[in-house]
Amino acid sequence: MRGIDETSGSLFSYIDLEARIPARHPLRKIRQVVNAALASLDEVFATLYTDFGRPSIAPERLIRASLLQILFSIRSERQLIEQMEYNLLFRWFVGLGVDDPVWVPTVFSKNRDRLLSTEMSREVMAAILAHREVASLLSDVHFSVDGTLVKAWASMKSFRPKAGDGPSDDDPGGQNGPKIQTEPPLKPSTPETTPMPRQNRNAEVNFRGQRRSNATHVSTTDPDARLYKKSPGTGAMLCFVGHALMENRSG
């Protein structure tokens, strides 16, 4: 007998998230290790919060959600929150029930300095690596290291001398060069009704022959970007450096 393709909303829903997750799913073992590591840091988490005020999002849940973003290569925290709305696996791993609301993406921004960008993140990773299920998988005998360059969204025209750095000695305006005082050129008189032409793009700049380095220059668009090149003979560009370390036997 053919079934009916009919969608009807249910007033009540009884879903056991634990029963929905396959018994041999890899996240089960990962969640067990992560929960044990976070439990060992309970006293450390307590020192990061006050004893009064409105309760915050549990730090354990924020850290589990950040691990999901890494494990599943989710591009942004906004996309992570979107998937946590409908992904039962993500809700189960983080510790949210089916009816529990998901926090807004700005929660990560407000807690990043407290949990994710300080010594706390190193303590969490150290606790995970020290777990008895993980320690046996790590070895410093056979491992691989790789690096990559991530191009920054900054133009080479923004790579300018740092503030306070004077011109070099070989520059005509340096210490050994003559100091020439010039008056600003007189602007031709134009009628007030004539509008000034608008410049649609940056002026062309010829960098050939100029010496530029990360010690003397910085990007005004992205100050964290650095000038690197991939190999000898290739052009340098503003980018970020990423490194990956993998234990070969256990991955």
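Keep in mind that glycine also has a Cβ here, set from the backbone N, Cα and C atoms.
Marked as domain 'Transposase InsH N-terminal' by TrEMBL: 16-114. Look at TrEMBL and you will find 160-233 tagged as region 'Disordered'. Under the heading compositional bias 'Polar residues', TrEMBL lists 190-203, 212-222.
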Report task. Mind tallying the compositional bias 'Polar residues' (212-222) by DSSP state, helix then strand then coil? Result -> 0 helix, 3 strand, 8 coil
Requested in this report: Report, as numbers and ranges, which residues of the same chain sit near the compositional bias 'Polar residues' (212-222): CB under 8 Å and 6 or more residues beyond its ends.
Outcome: 152-155, 158-162, 165, 238
Query raised in the report: For the domain 'Transposase InsH N-terminal' (16-114), what does DSSP give as the number of helix, strand and coil residues?
Result: 63 helix, 0 strand, 36 coil
